[in-house]
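**Q** Structure incoming, see below.
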Amino acid sequence: MELTAAHWLYALFTVVVIVTMLFRRGVVLPTLIGTFFVAWVFKGSFVSGFQAVFNANLVAAKELFTIFLIITLMVALLNSLRALGADEKMILPIQKVIKNAHIGIIVIFATTYVISLFFWPTPAVPLICALLVPVAIRAGLPAMSAAMVVAIAGQGMALSSDYIIQVAPMLTAKAAGIETSAVVDKAMILSLITGGVALITIYMMIRRTLRKPNSELAEMELKVLQGQQSAEAEASATVEGNGIDTANREKWGKMFAVFVPLSMLAVMIFMFSTKLNPDTAGVFNGGDGAAFIGGVAAILLILSTVAFRKIHALDKVSDHITEGFVFAFKAMGPVIPIAGFFFLGSSDFTGSILSLGEDVAKPAFLFDLVATAQNAIPPSAFLTAFGVLIVGIITGLDGSGFSGLPLVGALSGAMADGVGLEAGTLAAIGQMGAVWTGGGTFIAWSSLVAVAGFCGVPVLDLARKLFIPVIAGLALSTLVALFLW
């Protein structure tokens, strides 16, 4: 399609969004205003601008509701387990394994990664930091080193691939106009490479700071850490102790501390087995995988609540689901208007957003701009891949990690053909940049602040120490992606 004034206006607001992110400000306002003006100029109607703002948010909400629902159910399940005390009991056996700092690194890394894959880092971090980090510190692992390992495993590797819940790859793939399956496996491989490089780099940095078990420095750090956690634990104990049968809670807590991990392990094994079997390779692609996980989480939620609450489960299940929805919309709500604006970049969505008839040519503002720019720029897979990575890193500067996925997805879909790369490859690279940055590995105003807080270390120091390992990992994983795909 020939470029119009609306195309250039869309380009202007895209630049405004990126600059706003660089200044660490929210981008919901410029995306809403951008949607309004682009639609107004394109259709020549002031009223159409208002309608497009609503339609863009509605289209984005419809496309992304699967994501909100899976987050809701997983958080609801975790809340029901917390009511039983099962969340803590799931971790207790692992504590006995940590004998020295080296084992502490391995155990914290593996536990954080697995739990974050299923529940995301947000609920996993308090659990790990409260139960495992103090044990690791006593075994000789400095608190700063423990925080670095938690951030790499959770906010980095687990969240950037999001292999189980598949929120991130769905967001990226939707904007790129491709299937989620085209992104999810590649993102998993790149996340492992990035995390592996970052973890090795971190180990080389901290190996001389590892201490002997029960050292004086370890005890000093423990006092700081336990001082921060004691108030939270005391408040939690007060709430949980009101009107609850302790013996009954203990019994069901132990049972579900075993049953839920085994169920999730069975789910993971089953999903992996379908990928290895050619006859069932596509069974859990995209939304189907999320639906399976969500359904299992819902049934586990019902079982755990009914077992403990009996007749009161009629009220408690709805309470847990409500809490899940509140969490989901707090975490992901701002993504809707952002996605709505970037959905204007694809012809798959502009018809619905701009209320265009079936026989009317659908504009693809971002794709059209990229196609025009490609004619003037020598095609280079190397420059394009690292360009998308840099855009992903820039979008992650807002501290969320997910708000930039529609942009990197749309760019990947628009630029892939011109440089001879698969859209899924570029999308996975961009996803790495966005989530590793904003998801919370070297941005101090992201969820990294939770890791620092729970580990009792300064967040700015933590972000500074993680910067070089993460950037090295991202650069190497991008080169590997170019070589492999």
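Including glycine, each Cβ sits where the backbone N, Cα and C put it.
For reference, TrEMBL lists these features for the protein:
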type	residues	note
TRANSMEM	6-24	transmembrane segment
TRANSMEM	31-52	transmembrane segment
TRANSMEM	64-85	transmembrane segment
TRANSMEM	97-118	transmembrane segment
TRANSMEM	124-141	transmembrane segment
TRANSMEM	148-168	transmembrane segment
TRANSMEM	188-206	transmembrane segment
TRANSMEM	255-272	transmembrane segment
TRANSMEM	292-312	transmembrane segment
TRANSMEM	324-344	transmembrane segment
TRANSMEM	376-397	transmembrane segment
TRANSMEM	442-460	transmembrane segment
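Could you place the listed features in the three-dimensional structure?
**A** Listed by sequence, the residues of this chain that lie at least six past the ends of the transmembrane segment (6-24) yet keep a Cβ under 8 A from its Cβ atoms are 30-31, 33-34, 37-39, 41-42, 338, 341, 344-345, 363, 365-366, 368-369, 391, 394-395, 397-399, 404, 407, 445.
Counting only same-chain residues 6+ beyond the ends of the transmembrane segment (64-85), those with a CB under 8 A from a CB of the stretch are 118-120, 123, 165-167, 170-171, 174, 240, 249-250, 252-253, 256-257, 260, 287, 290-291, 293-294, 297-298, 300-301, 304-305, 308, 316-317, 320-321, 323-325, 327-329, 331-332, 335-336, 339.
Long-range neighbours of the transmembrane segment (148-168) within the same chain, counting only residues 6 or more positions beyond its ends whose Cβ lies under 8 Å from a Cβ of the stretch, are 67, 70-71, 74, 105, 108-110, 112-113, 115-118, 120-121, 124-125, 128-129, 133, 180, 184, 187-188, 190-192, 194-195, 198-199, 202, 206, 268, 271, 286, 289-290, 293, 332, 401-402, 405, 431-432, 435-436, 439-441, 446-448, 451, 455, 462, 465-466, 469-470.
Same-chain residues lying 6 or more positions outside the transmembrane segment (376-397) and placing a CB less than 8 Å from one of its CB atoms are 18, 21-22, 24, 403-405, 407-408, 411-412, 415, 418-421, 425-426, 429-439, 443, 474-475, 478, 481-482.
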**Q** Near the transmembrane segment (188-206), which residues from the same chain, at least 6 beyond its ends, have a CB less than 8 A from one of its CBs?
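**A** Residues 105, 109, 142, 144-145, 148-149, 152-153, 156-158, 160-161, 163, 428-429, 432, 436, 441, 465-466, 468-470, 472-474, 476-478, 480-481, 484.
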**Q** If you count every Cβ pair below 8 Å, which range out of 255-272, 292-312, 324-344 shares the most with the transmembrane segment (31-52)?
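**A** The stretch with the most contacts is 324-344.
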